[in-house]
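Look at Swiss-Prot and you will find 2-23 tagged as topological domain 'Cytoplasmic', backed by sequence analysis. Taken from Swiss-Prot, the feature bacteriochlorophyll binding site applies to His22, His40. The transmembrane segment annotation in Swiss-Prot covers 24-46 and is backed by sequence analysis. Feature annotation from Swiss-Prot assigns topological domain 'Periplasmic' to 47-51.
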Amino acid sequence: MTDDMDKVWPTGLTLAEAEEVHKQLIDGTRVFGAIALFAHFLAAIATPWLG
């Protein structure tokens, strides 16, 4: 088996592919965080004992 120097260990992705996956993961995390923040804000408003 020959080693491909363009691949990133241990995934086997190229550096460009790994960066693309990372960007999508970060974008998804930001969307999830924004939705969670909004949901917590609504829950705090709707909960009578929190004011």
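Think of each number as a place in line: the chain as shown, counted from 1.
Using N, Cα and C of the backbone, Cβ positions are placed for all residues, glycine too.
Note that the structure is predicted; figures quoted are calculated from it, not measured.
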Beyond the flanks of the topological domain 'Cytoplasmic' (2-23) by 6 or more, those residues with Cβ under 8 Å of it: none
Count of other CB atoms lying within 10 Å of the CB belonging to His22 (bacteriochlorophyll binding site): 11
Counts of helix, strand and coil residues, the topological domain 'Cytoplasmic' (2-23), according to DSSP: 9 helix, 4 strand, 9 coil
Neighbourhood of His40 (bacteriochlorophyll binding site), C-beta criterion under 8 angstroms, separation at least six: none
